Amino acid sequence: MAITDWPEGERPREKLRAAGAMALSDAELLAIFLRTGVAGKSAVDLARELLKRFSSLNGIFAASAEEICQVHGMGLSKFVQLQAIFEMSRRALLEQMQGRDVLTSPQAVRQYLSLRIGALPREVFIGIFLDAQHRVLAVEELFSGTLTQTSVYPREVVKCALRHNAAAMIFAHNHPSGVPEPSQADRALTEALKAALNLIDIRVLDHFVVAGNQLVSFSERGLI
């Protein structure tokens, strides 16, 4: 049944106007952006299928164009729409961090990192470059690797930090395995980065390991 044939109070757009966006399920919100379904499948049905296949909204946003287009009813146009939504969300969260001390807004940092790298199928390592007041200067993806290993070169990180005139840094990388527990290699890397950056008086404030919506902070664990 097409959404236009549903009772008015159950249609996602009308429901949002009446009760606000918080009242909608993930599938209903997604359906608003998808706009249309296909024969025999409403936009809500299509949204539910995407959520089932990719497990979460983050999983959908991290999926490639090829993976999205394998779902009947999805095409490049809808993939582009989803990527635009994702990028707007990332930029909105980045705006929340900019212009303020990130140490006083840890939730914004966590949300941003989870959205940016939490669902990626490959391991990536990013740096958040901060000024002396711990305000965000830039966020960069520094390195990427396979599902099990990332090659990170402290010398290259130092070059980036100097280019941004950073006074402090926060690092983050994801574990595609879904387990955010820091490994011995993660700890060794953090120590190497701390030592290299200490030579140019740049502090490492934290290193987050991200897996989906789960994050582990080195600082909170007393590992930094």
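Backbone N, Cα and C define each Cβ position, glycine as well.
According to Swiss-Prot, the feature domain 'MPN' maps to 102-224. The motif 'JAMM motif' annotation in Swiss-Prot covers 173-186 and rests on sequence analysis. Here Swiss-Prot flags His173, His175, Asp186 as Zn(2+) binding site.
A map of Swiss-Prot features onto the structure.
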residue	record	Cβ within 10 Å
His173	Zn(2+) binding site	26
His175	Zn(2+) binding site	22
Asp186	Zn(2+) binding site	19
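Following the DSSP three-state reduction, the secondary structure of Asp186 (Zn(2+) binding site) is helix. Across the domain 'MPN' (102-224), DSSP helix (H, G, I), strand (E, B) and coil residues number 44 helix, 36 strand, 43 coil.
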